[in-house]
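First up is the structure itself, then whatever we jot down about it.
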């Protein structure tokens, strides 16, 4: 099963509209956006353009904040996080490709707070699936996917973007 | 220098990942590149408002220094603290070893306190190798300099400095100048440069400070600084130990500086964009002139910053290993 590039671009446009509504309802102006490496950063690039945000896009690599580091080791391809703005007191839109267990978001929040204390954090994800292990929920979701436990959804990109569901052993 | 057993059986685990870091010699290029890539990311951590990541939270690292080195110990301590580990500094002059306890007894006692890593500096070649042979399965040993044998993290911070300033290694000509004979740093640098595929490694020193078999390590030998510096991209100056003067291997500091000291005039023989490096602490006016040490081509202070990042990389690579899934570590299984 896979979603085509066109389907994903439509999903991201819908996410941008939902984000606009969410920010308006919450009274948030001038937010900053941060994408989580790697897929989250690809989705964030598009959302950042569609929302026409003033501040440059930030990126987070959560490798140094993973809770399973001693079990699976360090990813040698860590890309440095880059937050080209002051996080203190800002309204941050955190973007990821897939929300599953919630552990990536937890790690991203930990890292974000090492840069400062944001006023709010809004979570936007392209795909939300079940399997949460932590109490994390998205404010804006592209789509929900009902998957079996042995299924894995992966975003490939950056251009074109493609979502693939695969069975894992 | 030969020690019993295979270095890489000792240094790498069954999955080929770094377990101990005892020497650069014999390690595959893949591991050295991984160290440099990981260190690159840690350089940024040092520039953040909160200079700390939680990677080694709950781990206890022991700096076991049998030989004084404030600079190396400090950078290891800072590296461990930036990884959120707890650090124990064992001062050998007040330790049980000074009262006659063996190295192995010291190690086993500290392991019994649930420590996870030893950073070892020792005046005898092979001390860290010996400790690695006897280490508990969960314990890692990092060599912070042993006798005249190896100083692998110093070599890797030099490699990081070169890569960050010069990019690829293959087209570079690197000269190492000074007391090659007694230098564990030079030995490790030569192995690292060759493994990373550098274009040419030169060693420049008086005959009395050159090992007899130095060419066999893949180096080109010069006894004249002027000739050796011609066209080089990187000049690594070594620290000259005062006791070499006293043991009559050299005539005098003044004469050494005349012949092998790096001055602006001598540096002009190298490429115009040549980097000047030194492991520190510098003997100004003995191996290097102040105007060069503080000059625009010097990256000596950058080496110090990169030293912390490299040590963070090595520590986290050695601690973050268990059977299985490094391949799946790109992100959490979603």
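Glycine is treated like the rest: Cβ placed from N, Cα and C.
TrEMBL entries are annotated by machine, without manual review.
When B:29, B:30, B:121, B:202 are compared with the carbamoyl phosphate site residues B:71, B:72, B:151, B:154, B:280, B:281 in TrEMBL, the one appearing in that site is B:121.
Taking the C-alpha positions, the distance from residue B:121 (carbamoyl phosphate binding site) to residue B:184 (L-aspartate binding site) comes to 12 Å. For residue B:184 (L-aspartate binding site), the nearest neighbour among the listed binding-site residues (B:71, B:72, B:151, B:280, B:281), judged by C-alpha distance, is B:151. Candidate binding-site residues: B:121, B:151. Fewest other C-beta atoms within 10 angstroms, B:121. Cβ environment of residue B:239 (L-aspartate binding site): B:178, B:179, B:278, B:279, B:280, B:281, B:282, B:283, B:287 lie under 8 Å away, each six or more residues apart in the same chain. Each residue in the domain 'Aspartate/ornithine carbamoyltransferase Asp/Orn-binding' (B:172-317) gets a DSSP state, and the totals come to 63 helix, 24 strand, 59 coil.
With a threshold of 8 Å between Cβ atoms, none of the binding-site residues B:121, B:154, B:239, B:281 neighbour chain A.
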